[in-house]
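Engineer: Submitted below is the structure of interest, expressed as structure tokens.
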Amino acid sequence: MKNMILRMIKRRHPLHWTYCTVARTVSEISTSSATKSLQKGNQYVQLIRSCKDCNQYVQLVRSCKDFKSLFQIHGRLVVSDLQNYHSIIAHLINAYALFHECGLARRTFDSVANPTVILWNSIIRAYSKSNRFQEAIKMYHSMLENGLEPDKYTFTFVLKACTGALDFHEGVAIHKEIASKHLECDVFIGTGLVDMYCKLGHLDSARKVFDKMPKKDITSWNAMIAGSSQSSDLCQALEIFRSMQMEGFEPDSVSLLNLAPAVSKLADVNACKSIHAYVVRRSMFGSVSNSLIDMYSKCGKVNVARQIFDQTQVQDDVTWATMMAGYVHNGYFLEVLQLLHKMKQKDTKMNKVAIVSALLAAAEMRDIEKGKEVHDYALHQGVISDITVATPIVSMYAKCGDLKKAKTLFLSLWGRDLVAWSSFLSAVVQAGYPTEALTIFRDMQHEGFKPDHVTLTSVISACAEISYLRFGKSVHSFAVKADMDSDISTVTTLISMYTRCEAFTHAMALFNRVDYKDIVTWNTLINGFTRYGDPCDALQMFCRLQLSGIQPNGGTIVGLVSSCTLLADQDLGMCFHGISNKIGFESDTHVRVALMDMYAKCGGLCSAEALFYSAKPLKDEVFWNVMISGYLHNRCANKSISTFNRMKLENVKPNLVTFVTILPAVSSLSMLKEGMAVHARVIQMGFMSNTLAANGIIDMYAKCGQLIYSEKCFHEMENRDIVSWNSMLSGYAIHGQADRAISLFSLMKETCVQLDSVSYISVLSACRHAGLVEEGMDIFQTMCEEHHVEPNMEHYACMVDLLGRAGLFDEALSLIGKMPKEPNADVWGALLGACRMHSNVKLGEVVLRKLLSLEPRNPVHFVVLSDIYAECGRWTDARTIRSNISDHGLTKSPGCSWFELHKPGPFLSDL
């Protein structure tokens, strides 16, 4: 019975039925909060009851702020018999749509027997505002089927629905309908068409409609600017912006916000300055400030961006996030973490962009503690479920070396997509785990994800890291089959992989097959030849580059200057120095560093110093590192140390490379006090866990006579590489502790450490110093037969010295005779030293003739033979040899010992 009555009400009084439905919904929603809002509700009811006519109700509906109040107004309309006024119904529909109650809006619409165009427009608009675009388009077609003629508002609303639904064909059909009614000239419809075509990626169609519009308002211009800014034709956005001003339209804040993406992508500093000046003249700050920060950051003017940030009076979460993103874009990761600290002090909430920026900075700085802090914040804010936030958290842990945590988090991600897999893969490669990256790639494929360009780039980089040429080739084949081999970034990475695997034939074949090559591709091949092949080939590639018409950049100059360094060709290096100045890269940090390194290693230390001191400001640690290394290369270790000390005075923070560079300088001078200070600084800066730093400290202590400290560092190391073991072996050899060296060498074999040529040199040196001939012979034999390490000249020199010191000259000569190559000066020099030890004049004279044919200008060999003569009492021959040194204009470097008395100093000997 009850249901039958309800059906009668629905049929005879549809609006009242809608009200009853709403009443039930509102009653359910508002029961829990009824007590709190009772007093306020009673006041609002009084206001509703005071309404007398339609206009008052319309104003009340438009000012309604909550759903419950809207329900009360709806009820009053039913009671007051004003439900037949279509203007009120239209406003009710719009109000329900604002509260995302499209179902109630539709019921209200359906309650009207013969809805007018106004009501149809309202329901189309309601669906469109609620992002239910397809339903909006269906209502438009229903309106036509009911025989109603759409007006300009109908077309405006349905065009927005087509835009939201990404329905280009429907949009074109509606455009034809508009044209048939000659409504294209209407400014609202014309703007709607421009906006639709722009957002659907048909900029040409948008421009045609825009140019035909007889009358335009600021919204029309803004729509065209926005569309151009999001397209590939960025210059058109600037052109339209200028045209708008020429036609007398003053750009508003929306105009500037729409233009900002184009300026950022073009990195047009002049356009950025013009917009900034306009904003200052018009005092149009506020939201525009954020766009200015973004524009300057994308244009590389991050310092100007920071000035605007500091001058912004109201810094909301978007302002902070924009500045942080700008720092990340320009590689200023430390500044991002500093901003993060300030945000905490000011209790400013981080949005998702700020969180992601902070995570990226922590990852690049390898600051896992900051990364964990941001991770905890994301958990607290409840945004960890967002894949765009969760993915950089995983990447941060991977890049900071906590691969276990990264993998655990990644596997727990809900709805991980291809972007998440690619980001994780890239982070693992960058963290230095190429083998694990390849395993992740296989897991990704097993889960059904097909790699894209980004994924392939990371996988190819992983293959390059471990010289896994076979797998790299298979990835290349996959790229060809998937039609991804034309992507220039993939091609460039493949060329890099082939050069790093020394497969230069494949690299050249791929390079020659590609039609379009950008400067990055050229640089990759040039640098590949420089680092892993023949530097002369790199110079030939530069000749081809010049013929191609492509302008070299800083990366090109760096590769070419490095080639000159390897060739020890300072004159050619000076030519490239001149080219870099000519094309405007004289102040480029990377170019300047490469030039300093080239001059230092090619005998032009003064030129290197001139470049170093002319760098302003000298705050980049890379300059200091190169200079420290340059002095060490030129045997000026004392200058290396003084430069390191000056670096501290200039408040330049040393990095890992600084310590790895300065430790050999300290070792060469056996300056224990200085070495211990460096060790303390390494611990303070958290680099002790780094294998390179630890290896340098082991070597330093060994050469400074503190073998016990070397052993302590060695045993405390968590991750030892072959250099760690070799450094310890070398330390034992230096100190003549052959038994311990052999014991450690045996342990290396037992623990399956991959022995290399340096390992054998170290243990053979230990045997040589201790006179362990049999042990040395056994080790040398196993090196060749069991471990398949091919002996080089240094190994032979060690063995000749070992046999010679023991007086086994026949065996030493026999070994020299069996060498696969002609012995060099080191081998003959070892034998000459043994002749001196045993006063073997006859053999010494033979060996000297061999040495003079190899190094006629080396006075050391004359001195050794002179000493042999002297020890045998042949003083005349000794004096003759010594006089020959002077007659030939040769000079022997004096012997040198170092001592420390307040400061380090040398003790020189003319003997």
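A Cβ is built for glycine as well, from the same backbone N, Cα and C atoms used for every other residue.
Those TrEMBL annotations? Automatic predictions, nothing curated.
According to TrEMBL, the protein carries these features:
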{"type": "REPEAT", "residues": "116-150", "note": "repeat 'PPR'"}
{"type": "REPEAT", "residues": "186-216", "note": "repeat 'PPR'"}
{"type": "REPEAT", "residues": "217-251", "note": "repeat 'PPR'"}
{"type": "REPEAT", "residues": "316-350", "note": "repeat 'PPR'"}
{"type": "REPEAT", "residues": "417-451", "note": "repeat 'PPR'"}
{"type": "REPEAT", "residues": "518-552", "note": "repeat 'PPR'"}
{"type": "REPEAT", "residues": "620-654", "note": "repeat 'PPR'"}
{"type": "REPEAT", "residues": "721-755", "note": "repeat 'PPR'"}
{"type": "REPEAT", "residues": "756-790", "note": "repeat 'PPR'"}
Engineer: Using a Cβ-Cβ cut-off of under 8 Å, list the residues of the same chain that are 6+ residues beyond the ends of the repeat 'PPR' (721-755) and lie near it.
Structural biologist: 691, 694-695, 698-699, 701-703, 705, 707, 710-711, 714, 762-763, 765-767, 769-770, 772, 775, 779, 787, 789
Engineer: State the non-local partners of the repeat 'PPR' (186-216) in its own chain: residues 6+ outside its ends, Cβ under 8 Å from one of its Cβ atoms.
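Structural biologist: Contacts of the repeat 'PPR' (186-216) (Cβ under 8 Å, skipping residues fewer than 6 from its ends): 152-153, 155-156, 159-160, 162-163, 166, 168, 171, 175, 178, 223-224, 226-228, 230-231, 233, 236, 247, 249.
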Engineer: Do you know the DSSP helix, strand and coil residue counts for the repeat 'PPR' (116-150)?
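Structural biologist: For the repeat 'PPR' (116-150), the helix, strand and coil counts are 26 helix, 0 strand, 9 coil.
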Engineer: Going along the chain, which residues at least six beyond the ends of the repeat 'PPR' (620-654) come within the CB cut-off of under 8 Å?
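Structural biologist: Those are 589, 592-593, 596-597, 599-601, 605, 608-609, 612, 661-662, 664-666, 668-669, 671, 674, 681, 685, 904, in sequence order.
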Engineer: Could you give the residue numbers and ranges of same-chain residues that sit at least 6 residues beyond the repeat 'PPR' (217-251) on either side and whose C-beta is under 8 angstroms from one of its C-beta atoms?
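Structural biologist: Tertiary neighbours of the repeat 'PPR' (217-251) are 187, 190-191, 194-195, 197-199, 201, 203, 206-207, 210, 258-263, 265-266, 268, 271, 278.
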Engineer: Given a Cβ distance threshold of under 8 angstroms, which distant residues of the chain, six or more beyond its ends, lie next to the repeat 'PPR' (316-350)?
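Structural biologist: Same-chain residues near the repeat 'PPR' (316-350) but 6 or more away: 289-290, 293-294, 296-298, 300, 302, 305-306, 309, 357-358, 360-362, 364-365, 367, 370, 374, 377, 381.
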Engineer: Over the repeat 'PPR' (721-755), what is the model's mean pLDDT?
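Structural biologist: Averaged over the repeat 'PPR' (721-755), the predicted model reaches a pLDDT of 90.
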